Amino acid sequence: VHRLITYIFIYEDLISLACGAVIIWYFAGGFEKNVGTVKHCILTATFSVLSALLYLFLQPLVSRLLEVGDAKGFMPVAFATLGVSTTRSRMKSTLLLGFRVPVVLVPWLGLCIAWFVPHSSLLGNLCGLLVGEAYGLGYCFCLDFPESVGSKLDRVFPFTLLKRIPGLKYIPGSLAERRASENST
């Protein structure tokens with residue numbers, strides 16, 4: 001059972017670790033700014049488990065047709081956060097390499113690019129993207145909790161410790177507190 005969440009910490013080599021670090025910094029950081037640190041931590045664990053369960057369900061089916069690599073690294077969870085961000089985005093299109101592209105296609109184009117990242121699992125990344133899209137479209141509404149719960153969780157143990165770590169930016173759980181902290185900086 002512990003492998004449902006620990007696979008995100010496994011990397012084969014330095015290149016895949018570097019790619020994972022860039023993905024975490026870029027996609028997960030933006031997602032955390034939108035939802036807060038508490039919800040980001042809870043959704044990271046949830047996306048990890050749901051992506052792994054979907055992978056375990058699809059892997060026997062897909063392995064009959066193609067060779068399937070093990071899901072490793074943070075990329076499936078990053079694709080989940082990207083899927084949520086693009087499905088909930090108000091933008092219709094974005095500029096990508098000088099071309100206007102519909103926002104809903106961005107994660108799918110990213111999935112094609114991620115195919116070339118060493119030791120990344122296409123099926124694992126696809127599972128993460130599908131979980132993120134499902135959550136973003138509201139099919140996983142049971143995972144959402146009110147901002148008041150996030151604000152209360154801001155004041156309990158692991159999160160109070162995160163606030164005290166120098167150099168670590170902690171983002172509050174409520175939208176009003178996030179806006180206030182943005183305005184103060």
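Keep in mind that glycine also has a Cβ here, set from the backbone N, Cα and C atoms.
Pulled from TrEMBL:
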DOMAIN    2-139  domain 'Peptidase S54 rhomboid'
TRANSMEM  7-28  transmembrane segment
TRANSMEM  40-58  transmembrane segment
TRANSMEM  95-117  transmembrane segment
- prompt: What same-chain residues lie close to the transmembrane segment (40-58): Cβ under 8 Å, and 6 or more beyond its ends?
  reply: 3-5, 7-8, 28, 31-32, 71, 76-77, 80-81, 121, 123-124, 127-128, 130-132, 135, 140, 143, 145, 158-159, 171
- prompt: For the domain 'Peptidase S54 rhomboid' (2-139), what is the mean per-residue pLDDT, to the nearest integer?
  reply: 84
- prompt: How does the domain 'Peptidase S54 rhomboid' (2-139) divide up by DSSP, counting helix, then strand, then coil residues?
  reply: 95 helix, 8 strand, 35 coil
